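Below is one structure, written out as structure tokens, with a few remarks after it.
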Amino acid sequence: MCGIVGYVGPVNGGRDAKTVIIDGLRRLEYRGYDSAGVAVVADGAIELRKKAGKVADLEAEIAARPLDPSNLGIGHTRWATHGGPTDANAHPHVVGKLAVVHNGIIENFAHLKAELAEKGYAFKSDTDTEVAGALLLDTYTSLEGTADSGDLTRAMQLTAQRLEGAFTLLAVHADHPDRIVAARWNSPLVIGTGEGENFLSSDVSGFIEFTRDAVELDNGQVVTVTADGYEVTTFDGEAAEGKPFRVEWDITAAEKGGFNSFMEKEIFDQPAAVRDTLYGRFDEHGALTLDELRIDASVLRSVNKIIIVACGTAAYAGQVARYAIEHWCRIPTEVELAHEFRYRDPIVTEQTLVVAVSQSGETMDTLMAVRHAREQGAKVIAICNTVGASIPREADAVLYTYAGPEIAVASTKAFISQIVAAYLLALYLAQVRGNKYADEIRAIIDELQEMPDKIQQLLDNAAQIQQLGRDLSGSKSVLFLGRHVGFPVALEGALKLKEVAYLHSEGFAAGELKHGPIALVEDGQPVFVIVPSKRSRHNLHAKVVSNIQEVRARGAVTVVIAEEGDHDVEAYANHIIRIPESAGLMQPLLSTVPLQLFACSVAEARGLNVDQPRNLAKSVTVE
Ligand code: M6R
């Protein structure tokens, strides 16, 4: 949570730092949007503007009180942890001649604050960040008269050694108008490298407009960035290195492209997201070639249990994947919310394969679950959409989804791509363990390859669902029912609606209805029902049709998501949304799409900010 940007360019003739930083903050705003700020170094002094509210409010503040042109600055967009979203608590925090921005939570801040207060430091905000800034200033001052006098990098290394918790900390100093110094611990930070200018950001979208060349940093590193280069060390001051990489997407992927919201655009990106996630992962005979997995086949053959750890939408993708893994590979599979995983003392051995699913790759709960699993001796495979993020870095292997940047807080194309990647993993396991013959694997891959066109067919019919969203936008609550893989899809449909439309919604296993939830159904209650394929899930289909009848008989307004040609549902449906025919396990890739479109259009009809729902942030980097 929180987005951070830093820019350092040539002293003469370069870009103006504030313009670069504001651009970056706009792109990072999905990470947190309750306050924003910029500090630049101009004429040997720090100039600061910060404001509660969105980046647009900060821009208005800068328009009213302009900042001097500068080659150096840092900026921040906040998701509040310590201290409410006020002007005073907004970052940057200026302490003496220093300005700092921070992402994360400093757990020992109370102790440090007391120590610094005793030395005479006074604090203007309630934040842990200002304490970190004061500690940095105190450390910097303590170096005076030593060989390290005036060395901001050394001061940052020593400060980082004293901070506990999670932090990415960026600092500029009025006496050093040529550099930004940063430290990273359990919180993301990448360098963007340009020609005679360099950038720092929470993720590459903060500088993608200016460069696609980036450098990953490791946990426990400090970096000093100037216009001409960067130098990486450990917290102990040992020389270290970052890992350069090239960003595979460009700025157009991070723009709305004519859609009303990023969420809507990202829903429409899904055919490409599936195609790109499949691309290059198998040969012409259908043999999977997941070279990037880097885990020996003998280890995969010895696996006797899989635990999928994830949060939110990613966990629902894991729930869908479980059905496929157990069916195709015959390996017992559990799905666990990452934040519950390690606290229940799970049975994890060297034969356990843990699969961590995360769009951002920075979700702290999932990262902690990865660490716990590895400590227990398990191998961990990450399914992730963000190259070089913490979770894939710490896992034994990674299978990237290629959904492109997901900007809207509500996850859509990442969900669909996570299912595809998890299916590829399942098929790979089936291949190396000999659970399936090559032609069986080929047949499933053929089905997967048909999905982009089928999703596109659904999107071509978006207007029907969007109209339904407008019609039902006044509802007090909406229920979602599904069986088998339709169950996690129902949960995902309900989460989307809660998240972007602030509308009470619940997803249930349709079989559970008669055990309690049916009491909720009264006249006019909208109930979405995801109907499995009649061809491939005949028994299940009949049961779900009965469930539709049961709620309809009690006054529900039924919205039935059913395959083309499924006439059995017609008598009991107030609304039918048709999806193309598919194999049972492929259906979530289709049935989720109308639910995403529905939530998006309900939120729009209610006049809400679809991309930045209240109280949320895109990547949850606190536990
Ligand atoms: O980045 P991650 O996939 O690890 O994020 C996990 C959840 O926080 C995320 O899926 C969240 O539930 C979404 N906002 C749902 O749309």
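Placed from the backbone N, Cα and C atoms, the Cβ positions cover glycine too.
According to TrEMBL, the protein has these features:
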type: ACT_SITE; residues: CYS2; note: active site, nucleophile
type: ACT_SITE; residues: LYS618; note: active site, for Fru-6P isomerization activity
type: DOMAIN; residues: 2-228; note: domain 'Glutamine amidotransferase type-2'
type: DOMAIN; residues: 295-435; note: domain 'SIS'
type: DOMAIN; residues: 468-613; note: domain 'SIS'
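Note on the residue listed as 'active site, for Fru-6P isomerization activity': other Cβ atoms within 10 Å of its Cβ, all shown chains, come to 26. The residue listed as 'active site, nucleophile' is surrounded by 28 other CB atoms, counting those within 10 A of its CB over all protein chains shown.
Under DSSP, the residues of the domain 'SIS' (295-435) split into helix, strand and coil as follows: 68 helix, 28 strand, 45 coil. Looking only at the domain 'SIS' (468-613), the predicted model's pLDDT averages out at 95. The two recorded residues the residue listed as 'active site, nucleophile' and LYS618 (active site, for Fru-6P isomerization activity) have their Cα atoms spaced 9 Å from each other. In terms of DSSP secondary structure, the domain 'SIS' (468-613) contains 70 helix, 29 strand, 47 coil.
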